[in-house]
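Presented below is the structure to which this report refers.
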Amino acid sequence: MAMNFVTFNQDYSYLAVATSKGFRIFTTDPFAKSYETKEGHIAIIEMLFSTSLVALILSPRRLQITNTKRQSTICELTFPTTVLAVKLNRKRLVIVLEDQIYLYDIQTMKLLYTIQTSPNPNAICALSPSSDNCYLAYPLPQKAPPSSFTPPSHAPPGNTHVSPTSGEVLIFDSLKLEAINVIEAHRSPLACITLNSDGTLLATASDKGTIIRVFSVPDGHKLYQFRRGSMPSRIFSMSFNTTSTLLCVSSSTETIHLFKLSQQTSSSRDTSPSSSTPAGRDRAFSQSSLGHSPDRSDVSGEPDSSEFPARKHNGTLMGIIRRTSQNVGSTVAAKVGGYLPKGVSEMWEPARDFAWIKLPKPSQNAGGSGNNGPLRSVVAMSNNTPQVMVITSDGNFYVFSIDLSKGGEGTLTKQYS
C-alpha cells in the first residue's frame, strides 16, 4: 500500500492520509485513528476543519465530496485535466489544475469563477481558512508573448500563459471574486506559499529555498525576512501557529526550521512606509521536486529592493493585473492602486531560525511514497502545547517539543508509524 498524499486539517486537530487502498483520518492530540476506508485509489484528500466533509480525488480528473459520518457521496465533479490540489474553507472550494483554478461555493457547489493561470505543475496555491478574510493566493500569471505563427484551424487552442520567471503572488478575494493585489515576493519562481488562519499573513519561498519572507495581507507590506540556509533546498511545507507568532518550515535538508515573528517588526516598520503587523496557517504536500541553481539575492541576502526591475509607478503593476486576471476592470485597478506599496529598501539582515528539528534518518526499507528522492515532510504546530508535528513521506508521524524561551534543537517526544 503506497501513501499518495498527507495533510492536516485547517486547525491541525486531524491528519488525513490518502493511499492506494483507501484513506485514513487520525486525531493529532492524542494521536489515534478516527476513520478508515480500504476501498479505492485516493490521490488527494482534504478535510473541512473537524467536520465529516471530505474532498477526495479518486481518478486524476474526478473529485468526490463525501460525508464520512453518513458514508454517503454528496457530489462528484469531473475536470478537463488532472486535479493537482484541492483547498477548502467554510465558504469556498478551490480546485487547482495545471493552468486553471476553479472556485466553488461550498454550500451549493455552484461554480463561481474560473481563473486562467500560468503553467503550475506543482499546484502552488493557498486558501485562507478564514471565512472573513477569504483570500486565495497563487503565482501571478504571465501572458505569452504575441506570436506571428498562426496554428491551423483544427489545432487545439494553446495556453495563453507562460511559466513564471519571477516570484510574484496574486492575492484574490474569493468572496468578491476580484484580484486585489500583487506581492513581489522573490526574484526566482515560487516553490511554496501559505496563509495564516486569519488570512492576514502570507509566507513565501522561492525555488532556491534560502530566504523565507512574510507579508501582510491584503496590503502586501513585507514584515519579516528569514534565512533558512545558504545552500539551495526545496521547501516542502510552511505553517504558521495559531497565534501567528511562529512560522515552521520543512525542506529537503530534513531539518525543520522555526522562525519567530516578533523580532523584526520594529526594523520592518522603520524601513517600510506604512507597515502593519496583523496577526495564524495552511498546509501542503508536494509530490514533485525542482532543480536548483544559486540565486544571488536569496543566497547572499542582498537588499530586497534590487530583486525586481524598477517600476516608475503603481500603474505598471495595475496593468499587469489587468492583463493577467480575468474580468478585472478599471474599478478594480483603482482599488489595487491603494493597496500596492511603493518600492522600499530593506537594510536589515535576514534573521536565522530560533529553533530547529533534525528528522530521524529513514530506514533503508521504508516504503513511503515509493520515491527514492529526499524525505518529504508536512509540518504543523500544536494548538495546546509548544510542540511541532511532522508527517513524513516514509509514513512516520513525529511530535517534537520546543523550548519557546530558549529555542535551540527540539526534542523528539512521540513517534508513530
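In case you wondered, yes, glycine gets a Cβ from its N, Cα and C as well.
Per Swiss-Prot, compositional bias 'Low complexity' is recorded for 262-278.
The region 'Disordered' annotation in Swiss-Prot covers 261-314.
The repeat 'WD 1' annotation in Swiss-Prot covers 1-36. In the predicted model, the repeat 'WD 1' (1-36) shows an average pLDDT of 96.
Residues or ranges marked as repeat 'WD 2' by Swiss-Prot: 69-114.
Annotation source Swiss-Prot lists repeat 'WD 3' at 139-182.
According to Swiss-Prot, the feature repeat 'WD 4' maps to 185-225.
The repeat 'WD 5' annotation in Swiss-Prot covers 230-269.
Residues or ranges marked as repeat 'WD 6' by Swiss-Prot: 312-358.
Taken from Swiss-Prot, the feature repeat 'WD 7' applies to 370-410. Below 8 angstroms of C-beta separation, residues 2-3, 6-8, 11-13, 15, 17, 26, 28-29, 31, 234, 236-242, 246, 248-250, 252, 254, 256, 258, 281, 283-286, 289, 353-360, 362-363, 416-417 of the same chain, each at least six residues beyond the ends of the repeat 'WD 7' (370-410), sit close to that stretch.
Each residue in the motif 'L/FRRG motif' (226-230) gets a DSSP state, and the totals come to 0 helix, 2 strand, 3 coil. The motif 'L/FRRG motif' annotation in Swiss-Prot covers 226-230 and rests on similarity to another entry.
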Worksheet item: How many of the residues that make up the repeat 'WD 2' (69-114) does DSSP mark as helix, as strand and as coil?
Response: 0 helix, 27 strand, 19 coil
Worksheet item: DSSP says what for the repeat 'WD 7' (370-410): how many helix, strand, coil residues?
Response: 0 helix, 18 strand, 23 coil
